[in-house]
Amino acid sequence: MAKEVTNPVALKRLETILAQLRDSTPTTPSTLNEVRWDGWGYTDTSIFINDDGQVEFAGNRYEEIFPAARIMPSLRAWAEDKVGLDVNRKAPRNIAPPRIKEGSEVMHTGFLESMAALKIPVNVDPIARVRHSHGQTCGEVYRLRTSAVFDRVPDAVIWATSHELVEHVVAAAIRHNVVIIPYGGGTNVSNALTCSDKERRMIVSLDMRGMTQILAVDKENMTAVIEAGISGLELHNQLRNRGVTLGHEPDSWEFSTVGGWIATKASGMKKNVYGNIEDIVVNLTMVTPAGTLTRSCNVPRVAMGPDAINMALGSEGLFGVCTRVVFRIRPLPEYQLYDSILFPTLEHGVKAMYDVTRAGCIPASIRLMDNTQFQLGQALKPEATNPLTAGLMSMATKAYVTKIKGFDVNTMCAMTLLFEGSKGQTDRYQKQIHAIAATHGGLVGGAENGKRGYFLTYVIAYIRDFVMDYYFLCDSFETAVPWNNVTAFMANVHQEIHAVAAANQVTTKPIVMGRVTQVYETGACVYIYYGVNFFGVADPLKLFFAIEQACVDVMVRHGAALSHHHGIGKHRKKWLPQVVSVPALKAIEGIKGAIDPTNVFATNNIIDT
């Protein structure tokens, strides 16, 4: 154990403090016990091969997708055909509790004594520390599954329970030259939580999930004051009980927190009605080493010079830690409706999305899945309670779509729609969209398919963890692309991934699928999902990172954003100078130096610090 003290008296004092900490480790929040430390999602939820050799979804969650049966009879055959998955060939996996590499820890006696004096609990348990050292990239999860010993991780974890506690922790970190890395839901996919092995100061993970209160709801001014540690789903449920909604629903909202949304500059699937995070933040409070950043007025707009509140959005823990936010809220919608439309090809679907945007009839959410993702959605359908009837319906539907309408099952794609608002507006928008879709060969697929398409988003990461057990690595990325580059970008990413795999002698073709998830007047947000069978590959992560690099290079060439809503982190930091001008980068560096001169928040996200 590396320590900042070496004389015997100080060393003895440190050992005493550590012994007391281990004897009085704070109770882990119950929500944390429900979530995996080495993968995605709830501990009671997973995908597995049952005794009959079929793919089954364990647990009782996600009833919207699995209302009765939880067996997916088509998935195994589809995966074997598409990606060469072999369920009889399981990848090795470390199942031992994580250990910390000896000599990698840094404990600061003065800081720990400050926490003890303030009666602030500190957790030094290895599992807690490893849990707080990673997000949800494929590379991070692969390392969690294959490593027994971990190098540089947070040296301690502190649970934030109030704004005042956070101020005390930051003040102590300044006094004792300790690093703080804010932690929310741990759902980031940008390596934002990775600790630098060059950092020789003590690193503290400040977990914000003890701050989950709705401090105020003002229905006259339609604002709500929210603590930063609450998850999106819990916030939604609590606000709904008060007759209002935030309307911000990112795919990660079961676990991601308000503070994480601020840090990454998040986007929710219903942004067309409710706005992105920058549209709904009225004010926020952020603890920085220079003091607490906020505004004295909660007003809809200000013109008071460059806005520090906007500066905090997307700052990724670089400047400080957000403790509470004043949000704009809305009344609960009068009406909600799901819908879906099939198109002959992706190109037809993208043109329809473009025309919907131009016509101004954009619903709360509109998404377009390409053919491969559409096929995956079909393969994920659970076993029906009445197999005979379900089979007949499936055959009848397929015959109608392919034989009568002439759709090719290998090119067709699906649009999913979610309408929220008044019944009258919903009816008008739906009729307009159906009319636009018809001009592009669209075929209405109905509400149930639309609803299922949205809820399938919540199981994608469980699939990633499942197939990793069978020598398959997969991940996703998102970007914003101008309209004139959407289809070309998706096609070029597909080609590039296959080229990298072929150059590395991968025998099974990789899988690539995409969807358009958000629309704007000037472009769209595009997601790409990709995966590769790594059986027989000497260095799977080297191959996977080569694919990732090729994908980002395509983004830059097509004038796409490095991220639409996930952020930069460390994952895409090296490309930032190619897409952001030097003065802009210097401005970020200047703000960092002004409010955090000793680099307490040494996250190393966005820029090197």
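Quick reminder: no glycine exception, Cβ is built from N, Cα and C everywhere.
What TrEMBL says about this protein:
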type: ACT_SITE; residues: Tyr527; note: active site, proton donor/acceptor
type: BINDING; residues: Asp251, Ser252, Trp253, Glu254, Phe255, Ser256, Thr257, Thr264, Lys265, Ala266, Ser267; note: FAD binding site
type: BINDING; residues: Arg464; note: substrate binding site
type: DOMAIN; residues: 150-332; note: domain 'FAD-binding PCMH-type'
type: SITE; residues: Arg367; note: site 'Important for enzyme activity'
Have a look around Trp253 (FAD binding site) and count the other CB atoms within 10 A of its CB, chains all included.
22
All chains considered, the count of other Cβ atoms within 10 Å of the Cβ of the residue listed as 'substrate binding site' is 22
Cβ contacts of Lys265 (FAD binding site) (under 8 Å, same chain, 6 or more positions away)
Asn276, Ile277, Glu278, Leu313, Gly314, His565, Gly567
Taking only the residues in the domain 'FAD-binding PCMH-type' (150-332), give me the average pLDDT of this model.
97
Who sits close to Thr257 (FAD binding site): which same-chain residues at least 6 apart have their Cβ under 8 Å from its Cβ?
Gly184, Gly185, Met208, Arg209, Ala228, Gly229, Ile230, Ser231, Gly232
Sorry to bug you, but what's the C-alpha spacing from the residue listed as 'substrate binding site' to Phe255 (FAD binding site), rounded to the closest Å?
17
For Tyr527 (active site, proton donor/acceptor), what residues in its own chain, 6 or more apart in sequence, show a Cβ-Cβ distance under 8 Å?
Ser476, Phe477, Glu478, Gly514, Arg515, Val516, Thr517
Can you check what DSSP calls Tyr527 (active site, proton donor/acceptor), collapsed to helix, strand or coil?
strand
Three-class DSSP secondary structure - Lys265 (FAD binding site)
coil
Three-class DSSP assignment, the residue listed as 'substrate binding site', comes back as helix
If one measures from the C-alpha of Ser267 (FAD binding site) to the C-alpha of Arg367 (site 'Important for enzyme activity'), what distance in angstrom results, rounded to a whole number?
14
Run through the Cβ atoms and count how many others sit within 10 Å of the one on Phe255 (FAD binding site).
22
Row Arg367 (site 'Important for enzyme activity'), column other C-beta within 10 angstroms, all chains, value 25
List the residues of the same chain that sit at least 6 positions away from Asp251 (FAD binding site) in sequence and have their Cβ under 8 Å from its Cβ, in sequence order, or write 'none'.
Met269, Thr457, Tyr458
Rounded to a whole angstrom, what is the C-alpha distance between the residue listed as 'substrate binding site' and Arg367 (site 'Important for enzyme activity')?
21
